[in-house]
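For reference, the structure discussed in these notes is given below.
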Amino acid sequence: MISAVFGKRRSLSRTLTAGTICAALISGYATMASADDGQGATGEAIIHADDHPGNWMTYGRTYSDQRYSPLDQINRSNVGNLKLAWYLDLDTNRGQEGTPLVIDGVMYATTNWSMMKAVDAATGKLLWSYDPRVPGNIADKGCCDTVNRGAAYWNGKVYFGTFDGRLIALDAKTGKLVWSVNTIPPEAELGKQRSYTVDGAPRIAKGRVIIGNGGSEFGARGFVSAFDAETGKVDWRFFTVPNPKNEPDAASDSVLMNKAYQTWSPTGAWTRQGGGGTVWDSIVYDPVADLVYLGVGNGSPWNYKYRSEGKGDNLFLGSIVALKPETGEYVWHFQETPMDQWDFTSDQQIMTLDLPINGETRHVIVHARKNGFFYIIDAKTGEFISGKNYVYVNWASGLDPKTGRPIYNPDALYTLTGKEWYGIPGDLGGHNFAAMAFSPKTGLVYIPAQQVPFLYTNQVGGFTPHPDSWNLGLDMNKVGIPDSPEAKQAFVKDLKGWIVAWDPQKQAEAWRVDHKGPWNGGILATGGDLLFQGLANGEFHAYDATNGSDLFHFAADSGIIAPPVTYLANGKQYVAVEVGWGGIYPFFLGGLARTSGWTVNHSRIIAFSLDGKSGPLPKQNDQGFLPVKPPAQFDSKRTDNGYFQFQTYCAACHGDNAEGAGVLPDLRWSGSIRHEDAFYNVVGRGALTAYGMDRLHGNMNPTEIEDIRQFLIKRANETYQREVDARKNADGIPEQLP
């Protein structure tokens, strides 16, 4: 009990005894201000999470991942009185995607670069902080920012993954290291290519910590691992795609060798690139079915013809796979996108519900996945029940009502036709990692939906991989939007974002809330008939859960992509969210991503209550990277190759066609482009490796790096006056740049 800070609220009971502690020699350190003793949640406590509604004990609050809290002190009648209670500035102004946990008044929040913080949930006072010291050169091994989506809590320990592939257990009271393991075994690496990263939240099931990874864009063979929560010893590992030689190597051996291998070509590029199928987000334990569900990712490479010679369904890409938590043994699977060639992962949030269907209540999985369809699947057997598109789709006309298999639009099979395909949804999906929520009071699922088209174009001349780069099998010179006002205006008209309130019983939309653009935050539903969501334009909103009416908004000054949580501290209800825009949408879409609303990142955690007394957030820079007049001369004979090299190695972080969205440096205005040696010192020699800009000397020669510099000077000259003019409005903030 920690009465000094948390009053007389009853703590969770500790139902498991501490096991063996395994020390690990790993870099990292904790700094501690002061900490009080929160007690340990266990699986039994999480199963009965509603007995402790003031806590947020696991990623989705309960094992069902519904992100619904019964707390109702804050409700429709008084939410307009909500005020900022406290804020805590974070270490880095990059994207923040984490779901904080709150156990007995202590908040455990993971932040960018895999840092962990324990915070007094009533005051925002930092109790301790742990930095695992992720090497800066790991940043370019991941597709979509060095984010972290959250932690797990078990028996007095807090667990989280690091971007360089570790799983760390800390003492929740002190922040001291208990154990640390490398989750990426040597046999998972592809020769010298190590592209695995970890940014998802681990999950706890029956005393095991389960974690996946990402990396399919570079070349990876997906898997999940389960570790003993007390010791860190690996219990089992399940690969999601076969061994290319069809040899045994994990708990997945039997099903991969007997069921999955024949769905792949024996000689496609997957045998060298790993095949993909990384489980980078959704892992759910269901105590009702006693199963662990995995959301399996896209292929590596994306291009189906190159990956598997255009043959087979490629199990278990784009699938939900159910395993036994004790052993990792396969139980069932349902493949949502056979023959994936659009980056239609199944990693999006898996939620379980008890749903009335044809006169009986069935325990089901509901899944609003990237491909634009809302699936209802029997949670115990994997039987397809129904599916309906929740956003506009043009790649399929629907799903087979018996099997759930997509009814493909033949033109969408671009890898087989050899023609370009303007896909909706595009690779970012109708729903991505941003959490959806369910309210048992309304019976609705609330989806942070979006529309971001993508031009799919085959890589010419066959598949040619590039080390430490995206290897999609696409022509990266053509997937970008041309730099013309007409082309950009046409594309911008197709960029959309909404809350879609979906009735799962009717498989129909109930209503929607329109947003300025895509890439908004996750959603929280509460017993006060409220929905909370942060937006890309820096606003934090509360909506009426029955009809979507906007009841409250707050200027957070930075874009929000994280999902909110709610909890009790000293008997008072709070709502909190991590602030900081990032991820692949602003990274790659660059200037076009500003259509969702321009903000400059000032990453922090903010918390609200009905009697908050923090006052407004401090005024900070809101103009971002200012344009600097570039050198006037460039070599036009080198800029075409510079564009190719930039799109291959640089665009995923610094923006399509070298236009940044303000999260990472906009290279058009970098002082280094003025001097050949200065630019090579950064790009070739790695002068800024500690900050996440790894050296590319091993992948490009000095001539190719200089070609990039010439291209950047060209782009700076083409866009300088446009950017200057955009900052001449009353607020000095860039408007949309068509």
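Glycine residues also receive a Cβ, built from the backbone N, Cα and C atoms like all the rest.
Annotated Ca(2+)-binding residues in Swiss-Prot are Glu217, Asn298, and among Asp164, Asp171, Asp343, Asp347 the one listed with them is Asp343. Of the cysteines Cys22, Cys144, only one is given by Swiss-Prot as the disulfide partner of Cys143: Cys144.
Per Swiss-Prot, heme c is bound by Cys650, Cys653, His654; the candidate from Met436, Met693 named for the same site is Met693. Cβ contacts within 10 Å of His654 (heme c binding site), excluding its own Cβ and spanning all protein chains shown: 24. Between the C-alpha atoms of Cys144 (disulfide bond) and Cys653 (heme c binding site), the distance comes to 8 Å. In sequence order, Ala139, Asp140, Phe587, Leu664 make up the list of same-chain residues 6 or more apart from Cys653 (heme c binding site) whose Cβ falls under 8 Å from its Cβ. In the predicted model, the domain 'Cytochrome c' (634-738) has a mean pLDDT of 84. His654 (heme c binding site) sits 12 Å from Cys143 (disulfide bond), taking the Cα positions as reference.
In terms of DSSP helix, strand and coil, the domain 'Cytochrome c' (634-738) has 61 helix, 0 strand, 44 coil.
Cys144 (disulfide bond) carries neither a helix nor a strand DSSP state and counts as coil.
In this structure, the CA atom of Cys650 (heme c binding site) is 11 Å away from the CA atom of Cys143 (disulfide bond).
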